[in-house]
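*Asks:* From TrEMBL, here are the annotated features:
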DOMAIN    21-58  domain '23S rRNA (guanine(745)-N(1))-methyltransferase N-terminal'
BINDING   CYS23, CYS26, CYS40, HIS44  Zn(2+) binding site
BINDING   PHE82, GLU114, GLY115, TYR206  S-adenosyl-L-methionine binding site
DOMAIN    107-195  domain 'Methyltransferase'
Amino acid sequence: MSKKEHMLSLAGLLARHVSLFRCPVCGMAMNLANERSLSCTSGHLFDLSRDGYVHLMPNAKPGKYDKELFAARKLINGSGYFNGLLEELFAVIAEHFGPEPAAPLSVLDAGCGEGSHLSALQAHLESRLHRDVIAVGADLSKPGVRTAAKGNPRALWCVADLARSPFQDESFDVITNILSPSNYGEFRRLLANGGMLAKVVPGPEYLRELRQFLYGRQARRDKDPERTAALFAEHFPDMEERRVRYETLLDPRHLEAMLRMTPLSWHAPEEQVRRLLAQSSFRMTFDFYILWGKHFIK
Ligand SMILES: [Zn+2]
């Protein structure tokens with residue numbers, strides 16, 4: 001697809017679904033001003049990128065995540081290592097939304113990164129539920145969103161801040177939030193009545209072998225899953241959870257990308273990194289919790 005075709009395809013998608021959006025500056029409704037920009041009713045203007053995404057973050061600063069990081073993520077995410085997780089996640093979502101061919105399903109991936117997971121979810125739900133899926137991916141990172149848009153012109157990709165998200169109230173049937181920070185207040189505002197939030201957090205053994213190899217320790221030091229679950233349940237009291245854990249053999253050609261994409265390796269001793277990259281194979285544990293709950297508007 002040429003850049004021109006990309007932008008036209010985005011303008012077409014936006015024309016159909018512009019009612020999902022609101023201005024991130026003033027909160028007013030948005031319109032497609034022309035093939036090149038979205039505009040709110042008080043005149044704030046947001047350009048459509050020629051790569052097929054829309055930039056909806058006023059005063060964006062360059063992020064700490066660069067192009068190489070998202071290239072690494074795209075390679076790893078596209079190599080099947082997360083399939084075990086995604087199959088469970090997709091099953092959880094599909095169980096709650098039956099086939100209803102007349103009604104499209106709107107899905108927001110909050111913190112979509114380079115977009116692989118949302119694109120897989122869109123394809124999966126469309127074939128399983130026989131419904132159109134309006135897929136919207138939002139992330140703070142421009143290089144992430146740009147990579148996503150190049151890979152899948154059928155979804156609406158936007159650079160956006162979840163704290164001031166550019167979407168109207170009650171716009172989404174499903175919000176996914178995969179290994180990315182949450183804003184529960186916003187998620188509740190954005191979910192339609194009966195809509196579902198599905199969040200993925202790392203379990204205690206996630207990438208255990210990598211941690212062990214690089215630092216000689218196994219335990220994760222960041223927020224434990226119990227605390228995250230408790231916070232989730234404060235906002236979604238009917239929360240359910242499922243742990244997904246599996247081991248997989250990492251292709252040695254993927255070791256470098258895996259190292260690049262996980263923050264846990266960014267401060268690792270150089271000698272250990274060199275030793276790791278010389279391994280001919282490496283077994284790794286993938287361990288996650290899927291938390292989900294529905295939102296009902298009283
Ligand atoms: Zn505005």
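Quick reminder: no glycine exception, Cβ is built from N, Cα and C everywhere.
Computed from a predicted structure; not experimentally measured.
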*Asks:* Six or more residues beyond either end and a Cβ under 8 Å away: which residues meet both conditions relative to the domain '23S rRNA (guanine(745)-N(1))-methyltransferase N-terminal' (21-58)?
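*Replies:* Long-range Cβ neighbours of the domain '23S rRNA (guanine(745)-N(1))-methyltransferase N-terminal' (21-58): 3-4, 6-11, 14-15, 140, 142, 145-146, 148-150, 153, 156-161, 164-168.
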*Asks:* Based on the record's binding annotation for S-adenosyl-L-methionine (PHE82, GLU114, GLY115, TYR206), what whole-number value in Å is the widest Cα to Cα distance?
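*Replies:* Largest Cα to Cα distance for the S-adenosyl-L-methionine-binding set is 21 Å.
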*Asks:* Where does TYR206 (S-adenosyl-L-methionine binding site) sit in the DSSP three-state scheme?
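*Replies:* Going by the DSSP assignment, TYR206 (S-adenosyl-L-methionine binding site) belongs to neither helix nor strand, so it counts as coil.
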*Asks:* For the binding-site residues CYS26, CYS40, GLY115, which sit with their CB under 6 angstroms from an atom of ligand 1?
*Replies:* CYS26, CYS40
*Asks:* For the domain 'Methyltransferase' (107-195), how many residues does DSSP put in helix, in strand and in coil?
*Replies:* 34 helix, 28 strand, 27 coil
*Asks:* Select the closest residue to PHE82 (S-adenosyl-L-methionine binding site) from the following binding-site residues, measuring between CA atoms: CYS23, CYS26, CYS40, HIS44.
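*Replies:* Among CYS23, CYS26, CYS40, HIS44, CYS23.
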*Asks:* Tell me, by DSSP, whether CYS40 (Zn(2+) binding site) is helix, strand or coil?
*Replies:* strand
*Asks:* Looking at the domain 'Methyltransferase' (107-195) alone, can you tell me the average pLDDT?
*Replies:* 95
*Asks:* In the structure shown, which of the binding-site residues PHE82, GLU114, GLY115 has the fewest other Cβ atoms within 10 Å?
*Replies:* PHE82
*Asks:* Work out how many Å separate GLU114 (S-adenosyl-L-methionine binding site) and CYS40 (Zn(2+) binding site) at their Cα atoms, rounded off.
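*Replies:* GLU114 (S-adenosyl-L-methionine binding site) and CYS40 (Zn(2+) binding site) have their Cα atoms 27 Å apart.
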*Asks:* In the same chain, which residues outside the set CYS23, CYS26, CYS40, HIS44 have their CB within 8 A of the centroid of the CB atoms that define the Zn(2+) site?
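*Replies:* After dropping the recorded site residues, what remains is ARG22, PRO24, VAL25, GLY27, MET28, MET30, SER39, THR41, SER42, GLY43.
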*Asks:* To see if you understand the setup: which same-chain residues, six or more apart in sequence, place their Cβ under 8 Å from that of CYS23 (Zn(2+) binding site)?
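*Replies:* Once residues fewer than 6 apart are set aside, CYS23 (Zn(2+) binding site) is near ALA29, MET30, CYS40, THR41, SER42, HIS44, PRO166.
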*Asks:* How many Å lie between the Cα of TYR206 (S-adenosyl-L-methionine binding site) and the Cα of CYS26 (Zn(2+) binding site)?
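*Replies:* About 41 Å separates the two Cα atoms.
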*Asks:* Which residues, sitting 6 or more apart from CYS26 (Zn(2+) binding site) on the same chain, put a CB under 8 Å from its CB?
*Replies:* CYS40, SER42, HIS44
